[in-house]
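Features as listed in TrEMBL:
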type    : residues : note
DOMAIN  : 10-333   : domain 'UmuC'
DOMAIN  : 623-724  : domain 'Protein kinase'
BINDING : Lys653   : ATP binding site
Amino acid sequence: MHLSASGRCVALIDMDCFYCACERALDPSLLGLPMAVVQYNPYENSKSSGGGENIGGVVSLPAQPAAARVAVRDGRVLLPAAQNGSIIAVSYEARERGVTRFFRGREAVAKCPELVLVQVPTSHGKSDMGVYRDFGAKALALIHRTCGEGALTEKARESHTDGGGETAASVDEMYVDLTRPARALLGATSYADVLSEAAAAGTHVAGAEEAEAEAEKGAQPTGMLARNSFRAGHAGQVVRRIGEASAAWWQRTPDEWDEGEIQLAAGAVIVARARAAVSAELGFTCSAGIASNKLLAKLCGGLHKPNQQTLLPRGAVHALLDPLPIDRLRGFGGKLGAILREGRPDLGLPGYATAGELRSGGGAAAARLLRGEWSHPGEEAARAVRMASGCDDDAVRERPLAKQVGACKNFSGARGSVRGPIDSKAGLVEWASQLAEDIAARLAQQREEHGRIATTLVAHVSLDGQAGRSRRSQLRDPSACGIARQGVELLGPLLELRPPTRLGITNFGFSADSFEKEAHPKERGSLQRLFSAAAAAAPSRRTRTSPALTTSVSKSLYTTVRELVENALARSSMRACESIRELPDIEITLQLASGTGTGTGAGGASGGAERGRGKTWLLDSKYVLGEELGRGSSGKVYRALNQGGGSQFVAIKEIPLVGMSAAAARAVESEVELLRNLSHPQIIRFHETIRTEHHLYLVLEYVENGSLASILKTFGRLPEHMLI
């Protein structure tokens, strides 16, 4: 069936009792039992808990064996320190016995004596949520694969408790844009079969009962709803079963269906298949909402749980959205939600209690509330009314990989307590080692799973009575020892004015960022291999080859050079910026004479004769090489026009590969690394590396009247913040 409609089909898939499900996957003996997962006690000590390594008063308990993390079972207290932890997840069996997430551990056990309490894993003196992230990633990958080609998946974002903004990506919720897979399914399957499969999967239809005049429940209460109602459904929403009304909706005649409804039905089929795959392969159940956008999918996803799915047709949107409190809409927390909810008493303008009131009031009335408080009140009011009407243009975006990997720790307790400020260098070193182990393990995971490595280390610290400060430098060694050692070195200047026995560290941490793709194992190693291969393939008579021949950007060179040079710097404790005076060829690059032009067009790229005065060459179909600016120890430097960058000038250094010695190869490695790490308005930047059959080209920023010697004389040693 071909669809002409341009509407979307979006699903929210939510793992049921996710943390409990993960614990049951690790310990099957918990299946069917009422259970709850609790946080660790940050004030515990080695006397109150058995087993595990004690770090800063917190016992390390890994994910496996899971039985070692059971705090209470069969009325027996096994981990005294964890028995009163805050609850982060409650199984449905425990919910049926009256246990909620608002209980502490002891309260929950008093309410349900047969309750099993399981503490989250801990390591390095804090909770370790890695096992939950891993299970969530497996579920996301499985759902993406099952939904088929064209599906876009995005982890949902966890909302702040005050309804304002969004924080980290959720480990147990994900959005899926099923528009393309749904259309593909309808193109390959009759819509009658699609509707039959969707109904057979037990897909609830939100709003079906409202269409029935004799519906028993339809009135919505006027009271405010609980803060978790948007995710889990709320008492005011109609309780629905896949009964007569929903069955009748699925059994309508062909002429009663519009294209949007058919597309949603196809999406429901795909979601049912994905949920079945997760259950079969991971043993987890999940619930889902299927609608035309993210807002509505989230709304209906909590109506029927656990292990169920709900479809929201467009005609039922207002019935479900209208009674929702205004601050439960995504993006309506904080100041905007407060103004819309409370109104403007100073102007005699009332606010709106629900989304339905805002929708009925219209954009003009909402704009009057925002006038004087918002920079563009008309636009913001129109957006708010659209959201209250169920219109959400936010696309499902496959989020990029994390930009950084970090770990930090708070020490905000009373001085002298387990959680008190760190006052000694020994305490700092101990905690630095713990945080570094965490980061190193996650960096290794990034390298293994995504083939990328971090290049920068950032150290952050907050002190008693002072704002937080941070320093960064190039990551020399990604091992735990290397990160700890370098991190403490970075923090040194930030602590030098503090008394050595009263540092007063209330928070500190490390993070690694500036990720780059790692070279393929076959491409790793010294550049000397590259030079040797070029020499072996070179003709016996050394002739210049046109740089226009078979050029390519050597991405692997970046990683190769970094590994070699960083190892050398680590051995000699030499900073890159301190050895720059030893490279006269870089200074030649900076002493760029102003010229009159370089020629235009690609005509100069033809031919293979020796480049001489008045000649122009085209490199990589992008750079027009003109006059020679100077000659360094490893090659010549030319002024060039970057035709692909807005006709901007660059400096290009040409390095012959043929016949290069090992010493020269090491010099080039050092030069490339130094160039890549310079960052100052008056100092060149390294743009890219281009390789032809017999030459290597370094593309550098062109400085009209620059002199490295004069810059170094003026600035001296480059400050840390001037380095990338």
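Heads up, the Cβ atoms here are built off N, Cα and C, so glycines get one too.
There are 26 other CB atoms within 10 A of the CB of Lys653 (ATP binding site), with all protein chains counted.
This prediction places the mean pLDDT of the domain 'Protein kinase' (623-724) at 63. Under DSSP, the residue listed as 'ATP binding site' is assigned to a strand (E or B) in the three-state scheme.
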